[in-house]
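Engineer: Quick one: this structure, given as structure tokens, is what I'll be asking you about.
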Amino acid sequence: MSMLCYTLIIAFLIGIWAAPKSEDNVPLGSPATSDLSDTSCAQTHEGLKTSRNTDQRHPAPKKAEDQELGSVANIIVDPKLFQKRRFQSPRVLFSIQPPPLSRDEQSVEFLDNEDTLNRNIRTKRETHPVYNRGEHSVCDSVSVWVTNKTKATDIKGNMVTVMVDINLNNEVYKQYFFETKCRNPNPVPSGCRGTDSRHWNSYCTTTQTFVRALTMEGNQASWRFIRIDTACVCVIIRKTDNF
């Protein structure tokens, strides 16, 4: 009797051991796991493909500013445009490095040894420093590099597109403009500093000058005279009650 019980127990254990395992308990690397992985990867790839096709059919709208900058960015130009010295302006700089933000913070110097533009004018500025000997300016001005100028008025009064980036000899150069403007139209309550307020009304205003800059004309780059801020001057008006 005991032998029969042992035989049945052994047969039961052998049956359990020989039963197929579920997919949840299949060890990693078995055929069942590989099938699941392949199925999951296929579904993921299909989802990514569908998402990519949807993005291509419905591209994200770009900002107007980005579209405008993209139209004048990284344009390939002919190196011959830079061979004539008459096209060079002391307030226009082409460089692959950002210039200093202000001459008040650090000296404005030539920023790229490979570029031969604007070297002499900046050297002359630094060889004649201005010392504080009690002199005061009639108007307070601030000079900064303008790095994102895309529109300007040309010498004919038309609004033109200014190139931001250019591709010259496989190097991307950015066009910078050194502009000067008034810090405050009334540095003192009476207007300009040092004027006779009893007989004159005065105020400070920014004036502009034409410089040659690289602009877009159709689909080609060309030099044009454009207006930029270059100085801060004092305007005086005689008071009418003195007549």
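Just so you know, glycine gets a Cβ as well, placed from its N, Cα and C.
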Engineer: According to Swiss-Prot, C234 takes part in a disulfide bond; indicate which of C192, C232 is its partner.
Structural biologist: C192
Engineer: Check Swiss-Prot and name the cysteine among C41, C139 that pairs with C204 in a disulfide.
Structural biologist: C139
Engineer: Can you check which residues sit near C182 (disulfide bond), meaning Cβ under 8 Å from its Cβ, same chain, 6 or more apart in sequence, and list them in order?
Structural biologist: C139, D140, S141, V142, C204, T205, T206, C232
